[in-house]
Amino acid sequence: MSFFIRKNRGTQNSNTSTNSTRKRPKERQRQNAALPKKKKRFEDEEIESDSDEDIERLDDGKVTKHALSEEEEEEEETAQEKKLRLTKEYLAQLAEEERKNEESKEIDRDAVAHRLKEDVLEQSGRLLRSVADDYEAPNVDDLCVLRGHKLAVTCLVISPDSKYIFSGSKDCSVIKWNLASKKKEFVIPGGRKGMEGKHKGHTDHVLSMAISSNGKYLATGAKDKLIHIWNPSTCELIHTFRGHKEAISGLAFRHGTSLLFSASHDRAVKLWNVDDRAYMETLFGHQEAITSIDSLMRERAITSGGGDRSIRIWKVVEESQLVFMGHKGSIDCVRLLNEEFFFSGADDGSLALWTIGKKRPQVVIPNAHNESGKSSNENWISSLATLTSTNLLASAGSKDSRIRFWRAGENCQELRPLFSVPVVGFINALQFTPDGTSLVAGVGQEHKLGRWWRLKEAKNSIVIIPLKKREVTKEGQQKEGAVTE
């Protein structure tokens, strides 16, 4: 996708000089008539002068000076000298105002230049704002729990306007939630196996979903090997794509388009044009079941290959792929920060930060969700979230029952923990709201892909975690206790 950016036009120099001199009033003008006219001009422009308190106008039109010290000569200032002095003061004040205006303009120009630079980086997919340190640990009492699914929540997406949540579950249903009212708006019930041709919803575990950047399409995928396309507003079924031979494990729309990427346990990635209701092509390369997929602005997708321990970036236009190796265990989830950096988690409990320029991770955090530091197969990474184009990340570690927030360092060469939030249960899905005000988690009593463990005390639910930013003082410094670089 090409982006055309206009070149910045050079700023033109102002023709107005702040130090330009005004023409001296003609000597032949009458002093008594000129002085009142000049004073009226100053009053109209609200120019303050120290002389206002020291000058007294006499009945005959002459001006005298009262605040002379005893050491000064008691000579009266002529009207012409008075006008000259006031003119100089006026010009000096104008010069000072112009200087301040120029400083403000310089600040404005810097702000505009910074915004233009960010726009260029964002359009190219290389923008990475440093916002992680602005957030503080949420209060557990502020968490909101939404209950509606009978079985474990497995996946979720948030509408581009941050107004709605769509969630999928092992009960085969899809629920639309209102983020403001915290209530259900619509339920697409699940059906029984064998009713694929009759039931309009899914008939097996819903494992993945995605929503287009314009909010026009909602895609859901399940173990029934089907991809349903819905109208997010009405929850009406628009179309069904068939083609995968196994469960649909991941879905992702290319930003700004109707191009849909799908990943499956059949080890294939497929491309679909939702506007045209058409299949486009299939991409092969993974040796094991694909576990997750993500896509942003470029005509590319990134996938994790589970047991083959590889991450692949599929370059559709170039008809090629980039292969990354680094985790020791099965890579179960991967998320893009922007088009240059990505974040992954594996079943050995490790987290990794990558750049597309290197085949090995830049940072690896082993046993990221095991406070004891010892290896534990129970706390493998089950879900990840990134606030797109920022350095704020989140991860969940299966039965760890805790969501951890992370800060990516400059050029993603560092991964630093920020804080954590306790949430009882298996956290099978995570996503930030596009506006960065909340993190939404899909929670279940068991893992979305199996029943290796079961937490009876957990609730199958959606958990909304409000995110608060640190307060800033008038001087622009964070209050005591804030984390700064």
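Each residue, glycine too, has its Cβ placed from N, Cα and C.
Per TrEMBL, these features apply:
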REGION    1-81  region 'Disordered'
COMPBIAS  44-57  compositional bias 'Acidic residues'
COMPBIAS  58-69  compositional bias 'Basic and acidic residues'
REPEAT    146-187  repeat 'WD'
REPEAT    199-240  repeat 'WD'
REPEAT    241-282  repeat 'WD'
REPEAT    283-324  repeat 'WD'
REPEAT    324-356  repeat 'WD'
Close approaches to the repeat 'WD' (324-356) from elsewhere in its chain (Cβ under 8 angstroms; 6 or more beyond its ends): 124-128, 288, 291-298, 300, 302-307, 309-313, 362-370, 375-377, 379-386, 388-391, 393, 395, 397, 406, 408, 411-413, 415
Tertiary contacts of the repeat 'WD' (199-240) (same chain, 6+ residues out, Cβ under 8 Å): 154-161, 164, 166, 168-170, 172-174, 176, 186, 188-193, 246-253, 255-258, 260, 262-264, 272, 274, 277, 448-449
Tally of DSSP helical, extended and coil residues in the repeat 'WD' (241-282): 0 helix, 24 strand, 18 coil
Tally of DSSP helical, extended and coil residues in the repeat 'WD' (324-356): 0 helix, 19 strand, 14 coil
